[in-house]
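Worksheet: one structure, shown below.
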Amino acid sequence: MNTNINIKKFFFNNILLFVFFAIFLTGSLTSEYFFTLVNLQNMVRNMAVPGLLALGITFVFLVSRIDLSVGTLTIFGPILAVSSLAYLGDLFDFKVLVRGNIYANSATIIVLVSLLTGLIIGLLNGVGVMYGKITSFIMTLAMMKALWGLNYVLTSGHAFYLQVPTYTWMGTLNILSIPFSTWIFICMTIIASIMMKYTIIGRRIYSIGGDEKTARLAGINVTFWVILTFVMSGFCSSVAGILFSSRLQTVDAPLAVGFELTAIAFAVVGGVSLTGGRGSPYRAFLGTLVMGGLFNLFSMWGLNTWHRNIVVGIIIILVVILDQRNNKFGRI
């Protein structure tokens with residue numbers, strides 16, 4: 001009897017892994033190119049950026065908030081870095097852009113400015129939610145629109161081309177046949193999983209997501225920890241932006257638009273609750289595997305981005321319905 005219970009528990013706890021293997025089996029049976037090294041590398045490489053966004057948004061979901069700014073923030077950091085340097089170059093007469101919009105300067109500055117930008121935007125989101133008493137949906141939606149507009153203003157509607165070898169290697173390097181960006185995603189997921197399971201950060205976040213009122217009565221500084229989740233989300237977005245732009249070797253305002261909904265779908269498919277307190281970085285990782293594998297399968301079948309968007313929309317609606325059946329909505 002206990003054996004049967006354990007088998008059922010194992011199956012339901014790891015059902016997403018079985019779904020992922022089913023996707024692999026379907027891909028191998030329906031396309032001769034699915035199991036080629038090039039396709040598998042592209043699949044896991046394409047998972048990295050939305051996976052990092054899903055990881056970041058998971059922290060915010062766990063405290064029963066939402067972050068809609070992750071998509072536009074992804075590309076805002078690199079755009080801000082390049083456009084700021086270009087402005088300073090014109091001001092102090094040193095070359096930043098050559099032959100039009102080709103960036104020819106330090107890669108380190110792009111990385112540092114992008115990371116700092118992600119942290120600051122995350123902090124602003126958190127402060128607006130907790131001190132400004134703005135609902136996270138409205139606050140991050142407003143931030144998303146503001147960053148979207150700034151992306152166009154800073155680029156003047158033109159792309160910047162980042163053909164700097166010290167920067168673009170991050171988007172092209174493979175280590176043990178696995179893309180560098182995928183390694184970063186895996187490592188950050190492991191670090192986040194350890195942090196959430198074994199440190200005070202995880203305990204505080206889960207306590208707030210489980211019952212915020214009780215957490216306040218227990219003396220937990222809810223304001224600090226909620227703001228921290230937005231900062232962590234911003235950091236994950238900035239890392240994703242660095243990897244994304246280094247792979248494309250360009251930054252442009254329309255890039256990454258709509259990534260926020262993809263990230264939400266990846267996280268909730270993994271079992272991260274929209275109402276807080278349930279889920280983990282590992283669950284978001286599993287959701288990324290399933291959705292990334294499914295998107296790759298769509299590509300093998302010749303389906304385009306619009307078909308993916310339909311699937312993402314349907315998944316989000318279904319998960320919200322399921323969440324409503326199990327919990328009353330929090331403050332998202």
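Here the Cβ of each residue, glycine as well, is placed from N, Cα and C on the backbone.
All annotation found in TrEMBL is predicted automatically rather than curated by experts.
Lifted from TrEMBL, the feature list:
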- 12-35: transmembrane segment (TRANSMEM)
- 47-63: transmembrane segment (TRANSMEM)
- 70-89: transmembrane segment (TRANSMEM)
- 101-124: transmembrane segment (TRANSMEM)
- 175-196: transmembrane segment (TRANSMEM)
- 217-243: transmembrane segment (TRANSMEM)
- 255-275: transmembrane segment (TRANSMEM)
- 282-300: transmembrane segment (TRANSMEM)
- 306-322: transmembrane segment (TRANSMEM)
Which listed stretch (12-35, 47-63, 70-89, 175-196, 255-275) has the most C-beta pairs under 8 A with the transmembrane segment (101-124)? 70-89
Cβ-based contact of the transmembrane segment (12-35) with the transmembrane segment (282-300), 3 or more pairs under 8 Å: yes
Considering pairs 6 or more residues apart, do the transmembrane segment (255-275) and the transmembrane segment (175-196) have at least three CB pairs under 8 Å? no
Sequence-distant contacts of the transmembrane segment (47-63), meaning Cβ under 8 Å and at least 6 residues beyond its ends, amount to 70-71, 74, 136, 179, 181-182, 184-185, 188-189, 192, 205-206, 208-209, 212, 225-226, 229-230, 232-237, 239-240, 243-244, 259-260, 262-264, 266-267, 270, 272-274, 276-281, 283-285, 287-289, 291-292
Check for me, if you would, whether the transmembrane segment (217-243) reaches the transmembrane segment (306-322) - at least 3 Cβ pairs under 8 Å, residues 6 or more apart in sequence. no
Which residues of the chain, 6 or more past the ends of the transmembrane segment (70-89), have a CB below 8 A from one of its CBs? 49, 53, 56-57, 95-97, 103, 105, 109-110, 112-115, 117-118, 121, 143-144, 147-148, 150-151, 154-155, 160, 162, 233-234, 236-238, 240-242, 244-245, 251-253, 255-263
